[in-house]
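Q: After the structure tokens below, expect a handful of questions from me.
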Amino acid sequence: MTASPSLVARTGSLFHRYANPGRFLRLAARLQPWLTGLALLFTFAGLGWGLFFAPADWQQGDSVRIMYVHVPTAILASSGYAALALCGLLSLVWRHPLADLAAVEIGPVGACITAVCLATGSLWGKPMWGTWWVWDARLTSVLVLFFLYLGHIALIRAFDDPQRGYRAAAILALAGAVDLPIIKFSVQWWNTLHQPDSITLTGAPTMSSSMLWPLGLSMLGISLGFAAIVIARLRAAVMESRVRSLLSNPRRRGDAA
Amino acid sequence: MTHLPYILASYGLFAGLAIALTVNATLRLKTARARLALLERPSSRPPGASSSP
């Protein structure tokens, strides 16, 4: 009688089905044009609508238009780190070969997105709050997220043996994920200057549909753009890894054809 | 339009960063693809290397 495979083993096998670099490259090459095209379409539509056609806010005036960049980047900053933590889990538990490369490539893109989120928040804060920055719980926890990204980028490249860097960075990514619920609930747990969420999963949105539609479009477009850039970088990383492997072992060149 | 410099700075920053990331990813992908194609060309095989493992 054979024992049934454990849940961990079955989940690992599911993930490993998509871990083959050749299979990934073929799938990613097919997805790339669609992701890029849809990202451009939705981003231009959303940001163009938000910038030129959406109404100004009765309190904030036209500075509310910064929201169409700030909110998608804020959501992506957290989602990108969640993806980094997932890569860390896949790397530590299942030794997924693509998870480490994905973590290397997601880090810099996530850090850039978080920097845009902080900068656009600051550009909104100056005319609205009268200051570029306050040590508010939401702002501070997002700044911590930015430093976590920077730490991850530095740590994953810090060792001569890449495997050691991958392990250390995976642990940092998993430990740093504790910041994500703090960011999400900071406006409820503490009395913050930052406004509470206008869109929640459980309640009706607290903004007009004339603002919600362009926001939804720009959110979709920017998220697809993030995915397109990460996939392009990951494809390049897989190919670069293959090039390094061929150069270090010329006998394998014959197998590659 | 009120607060125009702040709005333009926000959109400009986002556009600049998106363009920089896209150009970087495209160039990396192009270079990696060209190098891999060069190495995997049959003529780049070392003499005596067979195509079977």
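Backbone N, Cα and C define each Cβ position, glycine as well.
Got these off TrEMBL a minute ago, pasting:
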- A:16-194: domain 'Cytochrome c assembly protein' (DOMAIN)
- A:33-54: transmembrane segment (TRANSMEM)
- A:74-94: transmembrane segment (TRANSMEM)
- A:106-125: transmembrane segment (TRANSMEM)
- A:137-156: transmembrane segment (TRANSMEM)
- A:168-191: transmembrane segment (TRANSMEM)
- A:211-234: transmembrane segment (TRANSMEM)
Q: Do any residues of this chain, six or more beyond the ends of the transmembrane segment (A:74-94), have a C-beta under 8 angstroms from a C-beta of it, and if so which?
A: 8, 11-12, 15-16, 100, 102-103, 106-107, 109-110, 113-114, 117, 121, 142, 145-146, 148-149, 152, 166-167, 169-174, 176-177, 179-180, 183-184, 219, 222-223, 226
Q: What residues elsewhere in the chain lie close to the transmembrane segment (A:211-234), defined as a C-beta under 8 angstroms and at least 6 residues from its ends?
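A: Residues 24, 28, 31-32, 35-36, 38-47, 49-50, 53-55, 57, 64, 67-69, 71-73, 75-76, 79-80, 98, 101-102, 105-106, 109, 113, 199, 205.
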Q: Compute the average pLDDT of the predicted model within the domain 'Cytochrome c assembly protein' (A:16-194).
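A: Taking every residue of the domain 'Cytochrome c assembly protein' (A:16-194) together, the mean pLDDT is 92.
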